[in-house]
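Peer 1: So TrEMBL lists the following for this protein:
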- C:62-280: domain 'ABC transmembrane type-1' (DOMAIN)
- C:12-34: transmembrane segment (TRANSMEM)
- C:66-88: transmembrane segment (TRANSMEM)
- C:100-123: transmembrane segment (TRANSMEM)
- C:129-149: transmembrane segment (TRANSMEM)
- C:181-202: transmembrane segment (TRANSMEM)
- C:261-288: transmembrane segment (TRANSMEM)
Amino acid sequence: MQTTSFRTEHLSVFYGQYEAVKNISLNFPEQSVTALIGPSGCGKSTFLRSLNRMNDEISQAKIKGRIWIDGVDINDPSTDVIQLRQKIGMVWQKPNPFYKSIYENIAFGPKYHGIKNKKQLDEIVESSLRKAALWDEVKDRLKQSALSLSGGQQQRLCIARALSVNPRILLLDEPASALDPVSTSKVEELIVELKKELSIVIVTHNMQQAARISDYTAYFYMGTLMEHNETEVIFTNPENAMTQEYISGRFG
Amino acid sequence: MKTMDERPVQVGSARSGRFKKHHAEDLAGRSYTFICVALLIVIIISIVFFVASKGLSTFFRDGVSVSDFLFGSTWDPEGNQGDPVYGVLPFIFGSFATSLLAALIASPLSICASLFMTEIVPGWGKKLLQPVIELLAGIPSVVYGFVGLTVLVPFLRNVFPGQGIGIAAGSLVLSVMILPTITSVATDALSSLPRGLKESSFALGATRWQTISRVILPTVLPSILTGIVLGMARAFGEALAVQMVIGNAPHIPRSLFESASTLTSVITLDMGNTVMGSAHNDALWSMALALMFMTFIFVLLVRLLERRNRI
Amino acid sequence: MKAKLTDKIATFFIVFFALLIVAVLVGLIGFILVRGLGYINWSFLTSPPQTIRAGGGIGPQLFNSLFLLVLTLIITIPLGLGAGIYMAEYAKPGKFTSAIRLVVEVLSSFPSIVIGLFGMLLIVNLLGFGFSLFSGAVVLTIFNLPLMVRITEQAFRSVPKEQKEAGLALGLSKWKIITSVLFPVALPSIVTGTVLASGRVFGEAAALLYTAGMSTPRLDFTDWNPMSPTSPINPFRPAETLAVHIWKINSEGLAPDAAQIAAGASAVLVILVLAFNLFARWIGGVLYKALTASKRMG
């Protein structure tokens, strides 16, 4: 089994003068789920999006500090970000399948990365969809548009798409917040299953969800990391009074 | 806990043949699109350069003074009454008169049309008028000229003194042509108004017209003015439709129903009948330069209005 | 009471003027069709015009207009897409970008006659292409380019940004994302916009008077060698388009039936522009459906 190390070191993110993420050092252990929690605007999504440098495309965000993946600093100017992003899969709040067929949604990434063999592609499509627990539902209609799927199916398709290029890390930005309860529990089961193979970082607003699926929890407030520990500790015996208040739903 | 082995990243090494493909691709794409943009800049610079260099030779090579050119009211480029005279005031007058009158006719109609679509009957009003406006915008200018010549000119001739041709005919044709421009800008502005604005006025017991005239129209006034300037710019630069109905006489008319000319109509007609490099031909280029200059003014006005609108 | 009366009167006038505009359009199109349709038949659409005698047609002009449109689109589409993509995907807010925006705005506001004169000076005379379809196509490209850039930019901007992010997260290059992820989504609105812009190009005349020219050589429709001077597909021959022809016969038509020919030609032109409008709507809808719900996709 391939091992991957992933951590941030004094990571800060600036929007102009505004410091959205302040000096955060966080380690994401392998084969585990780390949940990022905190009130809206606390910087947890910005932090997540800076982990694969999604912010440099979108805005004028400036990043300070380091993000280490297997000994390579993602923020180093000499690092090939495009290539590195292959190692870091991402799934968003709203399902965003490509406007392509179900098959093509999965096969698109591997094809670009050089796999031309049809049989090999078929295998990747099947195994990715199986891992995302979607294969049985869509195997007879792979040629149909991905937009014909239900919201929950689309989100699992997006997870399958992320898995298709064999990432080591999976970033999930509130992946179940737009889904119905049944789809949500499917996605949660999936996350627990997937952590056997990769490290997962998930942003969530749902405390029960964080408690159910994560091994570690990091509590963010105003861009600062207030507390980081094993989930059990955070939810039963937090060191910080604010963490306690947030978790028990008193604010946020 | 797991060991932190900081091995160098392995990605890509398995398929080293394609290692830098994505960089090459990105560079090619970025360069290609940039070349397209650069071409736009080259085009505009060369248009300005060529038109200006031809247009300025009237003053520098042919020795016509700028004030005689702009404010002279006699246009006799072939020197039928002695020395050639290049006064283009009649054409400048014609261009301004037709486009101002066109804007004067079209603006109230356009504002009514956009109020009809957004305030009076937002449902079917939009369904009815939107395609009408789009079709009016789509009809080619020569067709407007043709209809103007076969319907409007005879009508004006029967109703008013004169030949029917002239500033009035030109303005009427142009007003229909710029209706779509003003209407679509005004409609966009009206439909992007916040809902609360209207409702608070109705809540105070104001009638619909009071709301429109005291609240809505003052709010969207800068946008409507933008639309009017855009419409005037189009009217000012329109050549064939005006040329077909205005009569093409080179003097300032004494009435709206007397033959006249515009900058564009003179350029259209004379460019084919003069020799490149002659003073007469250069004078036509100077008029083109004047048209270009007016374009800059119109763009500047639109920018100023938009800036005011934003605040 | 007075306020209510004013309100009624104002509403009446607004409705009246709005309906007046509808009446103007109906009258315009009705007039053109009533005047022109009777004159349109197969021989009118295919035979060459007559200078002095009656019975001329608009065959070569119709062909020229269509061929010139095709040539124009061949030049415009790659350039317009490129510049539009740059504006939507690469341009960063700043002085350079606002300068380009100003350039596009000014270029789209230039009177078409000025662009035509520029084409005459540079393409026709200095570069020596003469009055030709090619010169006309270059000028129409300049005329059409700002619109194409806007259409493309808007189409790309309206693609949800999550599509781009999904591509980035898969490790795709930006260019690959633009061409394979964003472009298919933007395509329906680009096609609709291009077809609508084509209608505008099709009816343009002022820019062509001194570039594509006001005459057409005798064409031999059996000669398909693009280098032959009588070949219809030779891009370096002069070509009077339908719109230019309408202008010419109205201002200097000598044939006894000039008025009818102008009416017939105008009707053909208007019908084609209407067809462009309807086609644009239809094709946009069809493409959008194909994109989102079709059963067979690659």
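Cβ atoms are placed via backbone N, Cα and C, with glycine included.
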Peer 1: Considering only the recorded stretches C:66-88, C:129-149, C:181-202, C:261-288, state which has the highest number of Cβ pairs under 8 Å to the transmembrane segment (C:12-34).
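Peer 2: Going through each listed stretch, the top one turns out to be C:261-288.
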Peer 1: Which one of these stretches, C:66-88, C:100-123, C:129-149, C:261-288, has the most C-beta pairs shorter than 8 Å to the transmembrane segment (C:181-202)?
Peer 2: C:261-288
Peer 1: Give residue numbers and ranges for long-range contacts of the transmembrane segment (C:261-288): same chain, 6 or more residues beyond its ends, CB-CB under 8 A.
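Peer 2: Counting only partners 6 or more residues beyond its ends, the transmembrane segment (C:261-288) has Cβ contacts under 8 Å with 29, 32-33, 35-37, 39-40, 44-45, 49, 56, 58, 61-62, 187-189, 191-193, 195-196, 198-199, 202-203, 242-243, 245-246, 249-250, 253, 255.
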Peer 1: Who are the long-range neighbours of the transmembrane segment (C:66-88) in its own chain, taking Cβ under 8 Å and residues 6 or more past its ends?
Peer 2: 97, 100-101, 133-134, 136-138, 140-141, 144-145, 147-157, 178, 190, 194, 198, 201-202, 208, 212, 232-233, 235, 239, 241
Peer 1: Which bits of the chain, at least 6 residues beyond where the transmembrane segment (C:100-123) starts or stops, bring a Cβ under 8 A of a Cβ in it?
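Peer 2: Apart from its flanks, the transmembrane segment (C:100-123) reaches 87, 91, 129, 134-136, 138-139, 142-143, 145-147, 149-150, 204, 206-211.
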